[in-house]
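Look at Swiss-Prot and you will find 23-304 tagged as domain 'Protein kinase', backed by sequence analysis. Among the features that Swiss-Prot reports, ATP binding site is placed at Leu29, Gly30, Ser31, Gly32, Ser33, Ser34, Ala35, Ser36, Val37, Lys54. What Swiss-Prot records for Asp141, Asp158 is active site, proton acceptor, and it gives sequence analysis as the kind of evidence. Residues annotated as domain 'RRM' in Swiss-Prot: 324-406.
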Amino acid sequence: MAGSGCAWGAEPPRFLEAFGRLWQVQSRLGSGSSASVYRVRCCGTPGSPPGALKQFLPPGTTGAAASAAEYGFRKERAALEQLQGHRNIVTLYGVFTIHFSPNVPSRCLLLELLDVSVSELLVYSSHQGCSMWMIQHCARDVLEALAFLHHEGYVHADLKPRNILWSAENECFKLIDFGLSFKEGNQDVKYIQTDGYRAPEAELQNCLAQAGLQSDTECTSAVDLWSLGIILLEMFSGMKLKHTVRSQEWKANSSAIIDHIFASKAVVNAAIPAYHLRDLIKSMLHDDPSRRIPAEMALCSPFFSIPFAPHIEDLVMLPTPVLRLLNVLDDDYLENEDEYEDVVEDVKEECQKYGPVVSLLVPKENPGRGQVFVEYANAGDSKAAQKLLTGRMFDGKFVVATFYPLSAYKRGYLYQTLL
């Protein structure tokens, strides 16, 4: 959906009008060579979720950079408009144009605002690696997105940890940034993918382009599987692998290096059955793109049949609409009905300070005995509550607040998390 144009000065204003509504620009989330992203909120609509405004052609951009920004905008808009509706691809709310001057239009995409990126998760889990639950969750979500966009004929062409973000509302990972995407068989971008996540055939193509030469073949959707394989290997190992994948040792025998990484982790945690993940990653990292497993087939891997449980760190890092409070109720409250009802009412009253509470559950038996599960109307309220309740004193005890998967909560599945 396209909106009307509006005028901006050299710096973004606090408020702008688009789609017949007033939007508050709250903060800058990030910027690149051709675009900046801002957090925005619709004014006059209480409870409406914030959005992400991606503004192409920042102030002062001219010449080739301006042309690149316009081109990137058109490519990303076209891809997102065709790929809308899939739960693992960022939602495009609308498109509009702003003007720094009458002759300098700046294109904008209004997108859903997502949460933590896989890049940030890798920083948190540096050297120890992500949990198998998180790796499995991310792998499945990204493969679902890739299977869909490949079926639609698209290649993402810039899959990397920074372009995979968590959605607190939908409780899944989503792909963003389709500025380098192209239709398979019609590659109109010379340089694709990011160093460290670039498939061998894309590396060759980029080198030829730098030398002014043209490759005989175009890249295919297989480049996305290569990138995902590297991402999953980094999540498992807790290490950045940019230099590893460029080494002669990797080129000579990447399979042996993958085996070594998995063998090293197996010594630390022998109870985790990781060989299915190892085999899945290997199937994505064949040098020959024709041998790489397609996304749809990868979803059938035995790795996805293993019921992993999240670590407590996962439930702190990945927001959801459900909050779990630990260290609130002891056995005395659970065994006395009057005291139990009083303390549950006190907890509910406290939690409602941060937003409407849809439901509240305090199991008297395991699993989940004595834990408090609070379902909020939206993840924004849950995040605010988690931030402010963590470390608070309740009945002389420090409260520990984590998130909890909404899907598991709805099914009544209160599993024991791993420490």
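Each residue, glycine too, has its Cβ placed from N, Cα and C.
Straight-line distance linking the Cα atoms of Ala35 (ATP binding site) and Asp141 (active site, proton acceptor), rounded to a whole number, equals 26 Å.
If you measure from the Cα atom of Val37 (ATP binding site) to that of Asp158 (active site, proton acceptor), you get 18 Å. Rounded to a whole value, the Cα-Cα separation of Ser33 (ATP binding site) and Asp141 (active site, proton acceptor) is 29 Å. Each of the binding-site residues Ala35, Val37 was assessed for Cβ neighbours inside 10 Å, and the highest tally belongs to Ala35.
Comparing Asp141 (active site, proton acceptor) with Asp158 (active site, proton acceptor), their Cα atoms are 16 Å apart once rounded. The Cβ neighbour count for Asp158 (active site, proton acceptor), using a 10 Å radius over every protein chain in view, is 23.
Calculated from their C-alpha atoms, the gap between Asp158 (active site, proton acceptor) and Ser31 (ATP binding site) amounts to 16 Å.
The average pLDDT for the domain 'RRM' (324-406) in the predicted structure is 91. In terms of DSSP secondary structure, the domain 'RRM' (324-406) contains 35 helix, 22 strand, 26 coil. Residues Leu29, Gly30, Ser31, Gly32, Ser33, Ser34, Ala35, Ser36, Val37, Lys54 are listed as the ATP binders, and the farthest two of them sit 14 Å apart at their Cα atoms.
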